[in-house]
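What follows is a set of notes on a single structure, which appears directly below.
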Amino acid sequence: MQRIFSGIQPSGIPQLGNYLGAIQNWVNLQADHECVFCLVDMHAITVWQEPEKLRHQTLTQAAILLASGIDAEKHILFNQSAVPAHARLAWIFNCVTRLGWLNRMTQFKDKAGKDRENHSAGLYVYPSLMAADILAYKATRVPVGEDQKQHLELTNDIAQKFNHDYGVSFFPEVEALIPPAAARVMSLRDGTKKMSKSDPSAQSRIEMTDDADAIALKIRRAKTDADVLPEDPAQLENRPEAKNLVTIYAALSDISITDVLAKHAGEGFGPFKQALTDVVVNAIAPIAQETKRLMQNEDHLLSVLRSGASRAQAIAEPIVSEAEKIVGFVK
Ligand code: AQP
């Protein structure tokens, strides 16, 4: 059985893009993989996080994952900082990674913008910590949204360079598992920008804890154009907001974009947004409700994360110790 590693940052409340690009895929992969799911709190602090909020978001995210169908008994769910192997391997990878490689990372460019000098060194070396997350478990498959594809390519570059520099074949090649539908959900306020849990505008995203009224309001206010929906999917190409709403509808109802358009072609956004609201509420409301219930028992959530961390540590410790020996550290 292949081992999967995947992470999500507790940098906010997970949004619909996290769900469609990652979480839903994680749930399905549990059937035939050994899964390690991680709340990557060390990644989250690469940009400023209020400590109390970070703690709350980490627990909320654990609850959302459980409510979405992650089985933390059969598989592993934990928070990154609880397993020191990640930081140890990340340091080795910082010394393997070339600056030129990091300079090409579009996520850093997007997040740092023009103000590079004022961003943390952590944000810059984010991809080598991500490589360490995956390779500390020698995971071979990583389910991610399309935005993380470049970081996974870098993970393979780092693994190859480590193997080459030290003359070993220690780290395996990693394969990105990118979901075919809704690999990139876009902001409700700007169809050219990805939906993000830390976007300053809460109206830009549907959060996994939103209730039916909040969902309806956000979809009603979502940016659209004045045209009706076309019959041909190709005609959505220059209409990013329309394309995004149709994509969300298709992904959540598990039908193709062509089928959505066959049903709604000729409709304006008034009725289509109403239909989309029903689809989103049906998918999200039960998860939001179960999340609320789980959040009432913090001790249970903490014990799930502690059990996950100790099982994660048992896998990662021997792998990272071996990597340290290969490097020449005295053990
Ligand atoms: N808009 C999206 N569409 C599809 N997939 C997405 N993912 C994130 N946004 C979208 C996928 O969710 C997983 C977890 O992401 P993350 O929390 O590690 O970081 P991120 O990609 O930076 O997500 P956010 O929501 O944009 O967080 P912030 O605002 O903190 O940076 C990943 O697999 C990602 O591909």
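A Cβ is built for glycine as well, from the same backbone N, Cα and C atoms used for every other residue.
As annotated by TrEMBL, ATP binding site applies to Q9, P10, S11, G17, N18, G145, E146, D147, V185, K194, M195, S196, K197, S198. Listed in sequence order, Q15, L16, G17, V185, M186, S187, L188, S204, R205, I206 are the same-chain residues six or more apart from M195 (ATP binding site) with CB atoms under 8 A from its CB. In the three-state DSSP classification, M195 (ATP binding site) falls within coil.
Other Cβ atoms within 10 Å of the Cβ of D133 (L-tryptophan binding site) number 27 in total over all chains. According to DSSP, D133 (L-tryptophan binding site) is assigned to a helical segment. The annotation L-tryptophan binding site is assigned in TrEMBL to D133.
Residues annotated as motif ''KMSKS' region' in TrEMBL: 194-198. Outside the motif ''KMSKS' region' (194-198), and at least 6 residues removed from its termini, the chain residues within Cβ reach (under 8 Å) are 9, 11-18, 47, 147, 184-188, 204-207.
Following the DSSP three-state reduction, the secondary structure of V185 (ATP binding site) is coil. The CA atom of S11 (ATP binding site) is located 17 Å away from the CA atom of D133 (L-tryptophan binding site). N18 (ATP binding site) sits 18 Å from D133 (L-tryptophan binding site), taking the C-alpha atoms as the reference points. Under the three-state DSSP scheme, S11 (ATP binding site) falls in the coil class. Annotation for Q9 (ATP binding site): same-chain Cβ neighbours under 8 Å, separated by at least 6 residues, are L39, V40, D41, H43, A44, K197.
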